[in-house]
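Listed in TrEMBL for this protein:
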{"type": "BINDING", "residues": "Asn96, His101, Glu106", "note": "oxalate binding site"}
{"type": "BINDING", "residues": "His99, His101, Glu106, His145", "note": "Mn(2+) binding site"}
{"type": "DOMAIN", "residues": "65-198", "note": "domain 'Cupin type-1'"}
{"type": "SIGNAL", "residues": "1-26", "note": "signal peptide"}
Amino acid sequence: MASRTSSLKYFSLLIFVLAIVQMTLAGDPDILSDFIAPPNGTVDGNFFTYTGMRVLVGGDVPKTFTVLKATLAEFPALNGQSVSYAVLEFPAGTTNPPHTHPRSAELLFLIDGTLEVGFVDTKNNLFTQTLQTGDLFVFPKGLVHYQYNADSQNSALAVSAFGSASAGTVSIPTTLFATNIDDNVLALSFKTDVATIQKLKAGLAPKP
């Protein structure tokens, strides 16, 4: 599937549904003004417009799992608005590894393809689902979760909404194996040996 233009027809439905959901998921502090203007900046229609998603229209599927974000970091007008979005592009057979969002729940809307999704609660119960095009799935705030495109032939495209302008992302593999935690601590924690931990760390090391 070389182009996703036809898939964008679902965006109007997405915006309608999630506009209501954001009011219940909002997690940022309330502000005492309509919006937060940038310091020493001009406020006009451009300030409230984000064009970073235009690359999706008519674009090709990427080679690896890709996330396009519209958060406070990319879109300053979201400051104080308790909302952000991410577009998740899954080529065939790719995954969004286990991770958490410490400041918000995530509501995922599958626009195209299929996805295997799941999360683990604080009692170590695993909840999984196979999503079809048009399905929505909520990942509760702060819980470890993942998405996986098990289809070896077709890509998948999803949009996630967050009740925070800066939901944050903590990648479990990166946090454990790419932050210089002592090899012995990890080996003891995972009941394995240091050599195995070093192999895992090497696999996450930046490629030259």
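Using N, Cα and C of the backbone, Cβ positions are placed for all residues, glycine too.
Residue pair His99 (Mn(2+) binding site) / Glu106 (oxalate binding site) shows a Cα separation of 12 Å. On the 0 to 100 pLDDT scale, the domain 'Cupin type-1' (65-198) averages 96 in the predicted structure.
Note on the domain 'Cupin type-1' (65-198): DSSP counts are 21 helix, 55 strand, 58 coil. The number of other CB atoms found within 10 A of the CB of Glu106 (oxalate binding site), across every protein chain shown, is 24. Among the binding-site residues His99, His101, His145, the residue whose Cβ has the fewest other Cβ atoms within 10 Å is His99. Across the structure, His101 (oxalate binding site) and His145 (Mn(2+) binding site) are spaced 9 Å apart at their Cα atoms. Within 8 Å of the centroid defined by the CB atoms of Asn96, His101, Glu106, the record's oxalate site, lie the Cβ atoms of Ala86, His99, Thr100, Leu108, Phe139, His145, Gln147, Ser160, Phe162, Ala167, Thr169, excluding the listed residues themselves. The two recorded residues, Glu106 (oxalate binding site) and His145 (Mn(2+) binding site), have Cα atoms 10 Å apart. Listed in sequence order, the residues of the same chain lying 6 or more apart from Asn96 (oxalate binding site) and placing their CB within less than 8 Å of its CB are Phe65, Val67, Leu88, Phe90, Tyr146, Gln147, Tyr148.
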